[in-house]
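Taken straight from Swiss-Prot:
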- Cys2-Cys16: disulfide bond (DISULFID)
- Cys5-Cys10: disulfide bond (DISULFID)
- Arg1: site 'Important residue for binding to potassium channels' (SITE)
- Lys3: site 'Key residue important for binding to potassium channels' (SITE)
- Lys7: site 'Important residue for binding to potassium channels' (SITE)
- Arg9: site 'Important residue for binding to potassium channels' (SITE)
- Arg11: site 'Important residue for binding to potassium channels' (SITE)
- Lys13: site 'Important residue for binding to potassium channels' (SITE)
Amino acid sequence: RCKTCSKGRCRPKPNCG
């Protein structure tokens with residue numbers, strides 16, 4: 001996955017693609 005989610009927050013990962 002390219003996104004990391006925790007406690008209702010989702011962020012795109014810096015090293016993706």
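Residue 1 is the first one shown; counting continues down the chain.
For all residues, glycine too, the Cβ spot is worked out from N, Cα and C.
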Nearest recorded site to Arg1 (site 'Important residue for binding to potassium channels') by CA-CA distance, among recorded positions Cys10, Arg11, Cys16: Cys16
Pairwise Cα distance for Cys10 (disulfide bond)/Lys3 (site 'Key residue important for binding to potassium channels') [Å, integer]: 6
Lowest local Cβ density (other Cβ within 10 Å) among recorded sites: Arg9, Arg11, Lys13: Arg9
Candidate nearest Cys2 (disulfide bond) in space, where candidates are the recorded sites Arg9, Arg11, Lys13 and distance is Cα-Cα: Lys13
Cβ neighbours within the same chain of Lys7 (site 'Important residue for binding to potassium channels') - under 8 Å, at least six residues apart: none
Neighbouring C-beta atoms (10 Å sphere around the C-beta of Cys16 (disulfide bond)): 9
